[in-house]
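Undergrad: The structure that follows is given in the form of structure tokens.
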Amino acid sequence: MLNVPSQSFPAPRSQQRVASGGRSKVPLKQGRSLMDWIRLTKSGKDLTGLKGRLIEVTEEELKKHNKKDDCWICIRGFVYNVSPYMEYHPGGEDELMRAAGSDGTELFDQVHRWVNYESMLKECLVGRMAIKPAVLKDYREEEKKVLNGMLPKSQVTDTLAKEGPSYPSYDWFQTDSLVTIAIYTKQKDINLDSIIVDHQNDSFRAETIIKDCLYLIHIGLSHEVQEDFSVRVVESVGKIEIVLQKKENTSWDFLGHPLKNHNSLIPRKDTGLYYRKCQLISKEDVTHDTRLFCLMLPPSTHLQVPIGQHVYLKLPITGTEIVKPYTPVSGSLLSEFKEPVLPNNKYIYFLIKIYPTGLFTPELDRLQIGDFVSVSSPEGNFKISKFQELEDLFLLAAGTGFTPMVKILNYALTDIPSLRKVKLMFFNKTEDDIIWRSQLEKLAFKDKRLDVEFVLSAPISEWNGKQGHISPALLSEFLKRNLDKSKVLVCICGPVPFTEQGVRLLHDLNFSKNEIHSFTA
């Protein structure tokens, strides 16, 4: 529902925009950009109509404020007067009015729960929703069970509960120098991408992705541990072991005390994004307007972004936290270009186009080596299981819509034994816009299973390759299966009109829904 108003990055037709399930954009009036909204919030103008007072809002009171010039919306228990924001919302006033006078949390989460609404709307805060009196209960006994790794059944989601007693749990054990936290997921499709670990001071946090849910261990450790730790996964039984090094070789009487949402299993759509600060290690030009950024994770973090998923980068800009989605890439397509001293599990690479008149990317580009950027946990619905027994893989990319294809290419050519052919059709405006052209050509020369075709919409007269935009003629010639009944997957990513048109054309060419994956988040 609430959408960051932006005339900058990702631009309305940018391939790096995380699309939102078919929502239409409306043209904003001049002077209604994100920067204009930030200026308004800093102007000192009373945007709530309450002259700085915060109030407790009842359901009855919230319902009264349901008009365009008097619109209150509740998000996660906080009530905002969004009337001043109406003209700045790219989704239009009608989209905001869907939640007028009501709790808009679910609608907000459906579209873009990643938006930092607390920062964007802090000057519109009316107050909290009034909480109905609740009967107090003694949680001490339950807390004791929680720290023994027993998950209260009330915290198991209905989805997994229906599947039987195989819900996750955890335990811990120790030696003189080590503490091992063991997570029993009861699932067999668990790998190192499934677990995210962050610990800072005495706070320990481990998120395990189990199907469409997240199992959270969140503990204030009873003793200090070293920053470095190791993570092991036993895939055959779905067991994860996190091995911490004690700072002092003493015996622990207990692991620690529970922190927020500890030992809970929550649908991923209902969880907030968790950020950690990553350090900018390098930045290099790839094209005239695209850079390769390398960020280093904290030593106290384990995070591997799964293939086809994205993260959010967050920067403070003029006092407001701005968040944008990006798909991580490999440091290179070719092994000889890769730095062996940089382990994959500690570094994240991004190919990012810089928009000179934008708000976010120029600020990102101004960062110096050693500066920090906040990086979220991964999101996305691409499943690596789509590659099982795959024979033909077709990739359609436009501009920086190439980013999800980087890891897909690396994985496909090294880890899919059944693969016969990979074909990439890469759309750009000019030759100067083609990302990693030389690497793609060298990779295709080395591996005869790979074909790469470049298509330019505004080439110079000397260009001998294909020209134009995505079309039936281009695709019908390009998308030929190796065998009539071979298992095939077509991945497509680019600006929203490119992707939508491409998916329509693929259906016209008789590709089924299961044979198409569009990266629109």
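Cβ coordinates are placed from backbone N, Cα and C, and glycine is handled just like the others.
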Undergrad: Among 1-27, 244-270, where does Swiss-Prot put the label region 'Disordered'?
TA: 1-27
Undergrad: When DSSP is mapped onto helix/strand/coil, what comes out for Asp365 (FAD binding site)?
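TA: Where Asp365 (FAD binding site) sits, the three-state DSSP reduction gives helix.
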Undergrad: Just to confirm: which same-chain residues, 6+ apart in sequence, have a Cβ under 8 Å from the Cβ of Ser418 (FAD binding site)?
TA: Glu389, Leu390, Glu391, Lys487
Undergrad: Counting by DSSP, what is the helix, strand and coil composition of the domain 'CS' (165-256)?
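TA: Once the DSSP states are binned, the domain 'CS' (165-256) shows 3 helix, 55 strand, 34 coil.
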Undergrad: Long-range same-chain neighbours of Phe372 (FAD binding site), Cβ under 8 Å, sequence gap at least 6?
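TA: In sequence order, Lys277, Cys278, Gln279, Leu280 meet the Cβ cut-off.
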Undergrad: According to DSSP, does Glu379 (FAD binding site) sit in a helix, a strand, or coil?
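TA: Note: Glu379 (FAD binding site) is in a strand by DSSP.
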